[in-house]
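Notes follow once the structure below has been shown.
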Amino acid sequence: MDKILVLIFGLLSILFTYWYFFMKKINTVQAEGIVEILVDGGYKPEQISIPYGKTTKLIFHRKDSSSCLEEVVIADFKVRKFLPLNEKTEIEINPTKKGEFDFSCGMGMFHGKLIVK
Amino acid sequence: MKTKQTFAIKGMHCASCVYTSEKALKTISGVTEAVVNLTTGKATLTSETPIEKNKIIDAVKSVGYQAMFPTYAKASVGKEETLDDKIKTEKIRELKDLKIKVIVSLFLSSFIVWGSFPGLMNTAPDIVKNMFYHFFLASIIQFWGAYDFYKATVSSLRHRIANMDTLVVIGTTVAYLYSTAVVFYPGFFERLNLKVEPYFDVSTVIIGLILLGRFLEAQAKAGTGEAIKKLIGLQAKTARVIRDKKEIDISIDEVVAGDLIRVRPGEKIPVDGVIVEGESAIDESMVTGESMPASKYKGDTVIGATMNKSGSFVYKATKVGKDTMLSQIIKLVEEAQGSKAPIQRLADIISSYFVPIVIMLAIATFVGWYVFIPSGGLVLAMLNSIAVLIIACPCAMGLATPTAIMVGTGIGAQHGILIKDAESLETAHKIKAIIFDKTGTLTKGQPEVTDVVITDSNARHRVFSTATPQRGPWRLSQKQVSSLLIFAASIEKHSEHPLGEAIVKKAEEEKLQLIKVNKFKSITGKGVEALVNGKKIYVGKLLKNLSIKEADRLKNQGKTVVYVYVEDKLAGLIAIADTVKETAREAVQQLQNLRINVFMITGDNKQTAQAIAVQVGIKKENVLAEVLPEEKEKKVKELQGREQKFLFRTKNTVAFVGDGINDAPALASADVGIAMGTGTDVAIEAAGITLVNKNLMSVVSAIKLSKQTMKTIKLNLFWAFAYNVVLIPVAMMGLISPILASGAMAISSISVITNSLFLKKAKII
């Protein structure tokens with residue numbers, strides 16, 4: 001009996017894990033010239049739409065002391081920047097190509113996305 | 001002349017404040033640019049003439065903030081906390097915190113192990129064996145030692161993200177909660193036929209070892225970014241500027257283009273510029289990687305951050321602030337370190353799905369051991385699933401490529417090899433063919449007079465080679481050589497032909513006095529003609545079509561021959577050639593040793609091209625001569641498509657080495673464009689790799705660096721993947737204890753970083 005319960009519970013947990021981490025909906029935030037991104041256990045907002053050909057200031061506000069999030073990497077724009085804790089770090093981006101560009105922490109564990117339209 | 005004013009703005013706390021204050025500052029008349037930085041709280045105004053402070057203060061006040069000006073003295077010695085300082089303080093604090101936690105956690109957990117490990121526990125006093133005592137120690141480690149893991153897990157779970165910390169937290173919390181239940185409700189476990197045995201040793205040792213891993217990792221990681229710190233540290237702090245005929249020491253930030261700066265022996269040159277007075281030998285190794293000091297005279301350019309060795313001189317600043325060569329180099333290296341190598345893509349994709357998959361595998365392990373394995377049971381199921389959670393190491397995968405790229409680009413910069421992005425560094429290791437532009441790349445790019453031939457009264461020719469001065473009978477005609485050079489140079493002084501320049505330069509070197517000429521005439525496509533001392537002199541192509549043995553011999557050596565006629569009679573020949581760089585032959589040889597096919601491309605005729613090719617050791621069939629500048633790109637593409645492997649036509653990886661000025665299309669279409677010796681303009685868009693010096697051995701070094709870096713990355717990735725692919729199933733099968741798992745995990749990421757740091761010892765020269 002207990003084995004059946006564990007089996008059912010285990011399968012449900014696996015499904016829940018899949019749903020919780022892989023099926024989340026991400027809202028896209030429209031940025032007009034400037035956007036503040038909270039760095040705390042991830043990036044908030046996670047997905048940002050920025051205009052093509054215009055300079056957008058991304059202001060990363062790091063509140064998370066985890067060293068995992070100490071750096072932000074926007075590889076397509078060749079940015080790797082240290083974010084001092086509890087401070088706002090400004091990164092200017094002027095996209096000259098359209099598309100979706102990933103940004104992440106130094107080790108590629110946390111991700112965010114810039115959508116250039 | 002533009003001026004810049006920097007001051008602090010107080011009271012800003014959000015992004016919109018920046019906009020408001022920038023807008024307010026831009027309304028001040030005369031201001032061309034206003035930039036406000038929220039992070040530093042500083043504003044920089046650019047204007048044609050300095051703006052009065054009151055005007056600025058009022059403008060800032062009108063939008064509700066306060067402008068604060070540093071006093072002059074403060075500005076020059078002003079101690080402002082730079083990003084570098086901040087990183088340093090933060091890292092020191094992080095390491096200190098970690099150190100305390102590591103020591104305390106490992107110390108306390110050792111007591112738990114002593115009091116609970118079979119065999120060891122017999123030697124322990126009763127108090128150490130007490131389960132409540134274990135619970136007390138374990139709680140300290142769980143909630144104080146692992147506090148940061150919990151904090152990171154909670155905030156990332158809110159974003160529906162799982163990371164390394166999540167795995168540690170789930171694994172240790174399960175062990176801790178199970179053990180706590182055993183301590184407080186032993187009866188419940190007895191009824192289930194389970195041993196009353198807590199697993200505090202598992203939770204605490206895991207935390208201790210993972211903290212230790214973090215500590216060592218943080219220490220090692222600091223070493224990967226050292227190169228940039230060194231480059232920033234090269235910057236001079238002050239400059240001795242001559243203003244109003246007085247020499248004053250000012251902060252480097254206040255130096256403007258056009259300032260006259262005095263540099264004494266042993267001092268650092270503050271910014272880029274041109275010498276206007278004096279001469280010196282300058283050690284430029286820190287920027288160009290060239291170990292020999294460079295002699296610099298009036299009119300020569302000097303690079304900021306390099307060291308003045310012997311003389312004292314005054315120079316005019318031409319590039320300051322972010323335009324200096326050093327700033328551009330730092331920017332380039334920073335950008336390269338921010339870019340991603342294509343090889344990293346797979347690791348990126350895997351690591352973004354990795355942690356949730358491991359959680360699912362851990363649950364499956366628990367279910368498997370509990371439900372399907374008869375000898376399993378609750379405890380084994382729990383311990384094995386904890387081992388799965390703990391042994392998984394996504395960090396090693398995430399660190400494998402970036403750490404090696406950081407070290408690799410850093411080493412490059414120290415040797416004057418600037419890599420634009422990680423992709424170029426990656427591609428360079430696959431180079432199969434390399435095309436060198438001839439003029440200015442393989443050769444010095446400045447034609448020089450190499451031989452002078454005199455036609456004597458018997459119409460015999462006697463050669464004077466400047467490369468190997470001859471003795472004996474030749475001395476007699478030294479005078480003749482001088483007079484021939486004087487005639488030719490006096491006329492050529494009026495022409496603008498590069499060959500003419502070489503003749504004039506030669507005459508100047510020989511300290512010959514030039515003569516005034518009359519009736520100068522340029523005959524298009526032929527040469528130049530004038531009256532010198534009443535004699536009709538012609539310098540240029542051969543006038544009558546006859547074969548001169550000496551001329552043919554010189555032409556076969558790839559030299560250009562200019563004929564000098566006096567009163568319509570051939571008086572002599574002057575041979576001019578572009579000389580090969582000293583390092584060319586060795587570089588070509590070494591590239592060939594690396595199994596790279598070396599080509600030469602030039603617009604010159606075949607004869608000249610072949611002669612140079614022989615000198616540098618390039619194969620005859622690899623000479624691409626008489627190629628128009630616009631056709632160079634086409635040749636690159638041709639070579640890219642040349643490789644045939646079995647039945648497939650694969651693209652050949654081709655590098656093009658040029659000076660970056662007129663070779664831009666070829667540099668861009670090559671798989672790796674290498675621009676070399678570009679003076680102070682290092683940011684060449686078309687090139688993937690820019691070599692600051694003109695030493696051709698740097699090309700070899702760049703390729704060696706790429707090969708070494710790729711070797712490191714591949715080893716790192718192999719290790720990181722193999723580790724996870726092998727050990728996760730091993731843990732699922734119950735073949736590894738959670739404590740061993742945590743040890744393996746800690747070692748795996750450190751070994752990846754250490755391997756990247758080994759790159760520093762790689763021989764690239």
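Yeah, the Cβs are placed from backbone N, Cα and C, and that goes for glycine too.
Those TrEMBL annotations? Automatic predictions, nothing curated.
Annotated features, as they stand in TrEMBL:
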- B:3-68: domain 'HMA' (DOMAIN)
- B:100-120: transmembrane segment (TRANSMEM)
- B:132-150: transmembrane segment (TRANSMEM)
- B:162-186: transmembrane segment (TRANSMEM)
- B:198-216: transmembrane segment (TRANSMEM)
- B:353-372: transmembrane segment (TRANSMEM)
- B:378-400: transmembrane segment (TRANSMEM)
- B:715-733: transmembrane segment (TRANSMEM)
- B:739-759: transmembrane segment (TRANSMEM)
> Same chain, outside the transmembrane segment (B:739-759) by at least 6, Cβ under 8 Å from its Cβ: which residues?
Replying inline: 201-202, 205-206, 209-210, 212-213, 216-217, 220-221, 223-224, 386-387, 390-393, 395-396, 399-400, 403-404, 406-408, 411, 708-709, 712, 715-716, 719-720, 723, 727, 731
> Do the transmembrane segment (B:715-733) and the transmembrane segment (B:162-186) share at least 3 Cβ pairs closer than 8 Å, excluding pairs fewer than 6 residues apart in sequence?
Replying inline: no
>> At a threshold of under 8 Å on Cβ distances, which of B:132-150, B:198-216, B:353-372, B:378-400 pairs most often with the transmembrane segment (B:100-120)?
In response: B:198-216
> What is the pLDDT of the domain 'HMA' (B:3-68) when averaged and given as a whole number?
Replying inline: 77
>> Need a quick answer: max count of Cβ pairs under 8 Å to the transmembrane segment (B:353-372), which of B:132-150, B:162-186, B:198-216, B:378-400 is it?
In response: B:378-400
> Honestly, do the transmembrane segment (B:378-400) and the transmembrane segment (B:132-150) touch, with at least three Cβ pairs under 8 Å and pairs 6 or more apart in sequence?
Replying inline: no
> Near the transmembrane segment (B:132-150), which residues from the same chain, at least 6 beyond its ends, have a CB less than 8 A from one of its CBs?
Replying inline: 101, 104-105, 108-109, 111-112, 115-116, 165, 168-169, 172-173, 176, 179-180, 183, 198, 200, 203-204, 207-208, 211
>> Please report, as numbers and ranges, the same-chain residues at least 6 past the borders of the transmembrane segment (B:198-216) whose CB is under 8 Å from any CB of it.
In response: 95, 98-99, 101-102, 105-106, 108-109, 112-113, 116-117, 131, 134-135, 137-138, 141-142, 145-146, 149, 168, 171-173, 175-176, 178-180, 182-183, 382-383, 386, 390, 737-739, 741-743, 745-747, 749-750
> How many helix, strand and coil residues does the domain 'HMA' (B:3-68) contain under DSSP?
Replying inline: 22 helix, 24 strand, 20 coil
